[in-house]
Amino acid sequence: AAKFSSSLKDMTATRKAVLGALGLFGGGAAGLAYALNESVKANDLVAHPPTFPWNHNGYFESMDASSIRRGYEVYKNVCSACHSMKYVAYRNLIGVSHTEAEAKAEAESVQVVDGPNDSGEMFERPGKLSDYFPAPYANDEAARSANNGALPPDLSYITSARHGGENYIFSLLTGYVDPPAGINVREGLYYNPYFVGGSIGMAQALYNELIEYSDGTPATASQMAKDVSVFLKWCAEPEHDQRKKMALKAMMMFSIIISISYYLKRHKWSAIKSRKFAYTPKN
């Protein structure tokens, strides 16, 4: 160690700089080679969903209310047969995709178990605006029994709970294909490259003209997948539009404050910053 220290001290500055540059270059090359090697490894058994140009992805873009309404229709007629949304109430639809009368009619179209009554018995009644979307199964065990042991997840916050958000939901719903050669899918499962492991217990749910939209939009499989993805995005982030409105107001407010601060800095403090103090000693 002493010999190495003395030889390092005797080394010229140019030689030290050359050796340092060679060390940095070698380390960088090794790091780049490692990164390239890891990038081509097949260590991920799931396809990553692409990023789609959603209308609400802009800094000041709002959610598409028409798409939210159509997405609710897709959930009501297709997805609600297996998936619950126990954190979304009918009153949440008011002013977003439905009027109060329409949301009230949607709530009254379902029967809700309530009670107990004066006799101590449970009873069914028409839904109210304060009721949450009804669950398709009484409990998780019943849900697993009806779906070959697979538990359909609750969709209230699914876009926030899955990597990729609405891109993942759209890709999953439209990504059902035949398994490639060499991959065997167990009976009762279906191949979808966007699902972890490739085998998913949910069969393809969306087909062309499966439902009929109330606004007359052609109900293609991709259109339904897009609409229900936007609807689920809104369910997970109902404050989305309000948050962007507040950001716009904050930017306007801060722009005014910054302008006033710049004026004060330039005109009010200029005399103080530019003044000089001189000391003249007495003779």
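Backbone N, Cα and C atoms are what each Cβ position is placed from, and that goes for glycine too.
These figures come from a predicted structure and were not determined experimentally.
Annotation comment: TrEMBL describes CYS79, CYS82, HIS83, MET202 as heme c binding site. Within the same chain, the residues at least 6 positions away from CYS82 (heme c binding site) whose Cβ sits under 8 Å from its Cβ are PRO136, ALA143, ALA146, ASN147, PRO152, MET202, listed in sequence order.
Summarising the annotation, TrEMBL assigns domain 'Cytochrome c' to 66-218.
The annotation transmembrane segment is assigned in TrEMBL to 246-264.
With the fewest other Cβ atoms inside 10 Å of its Cβ, the least crowded of the binding-site residues CYS79, MET202 in this structure is MET202.
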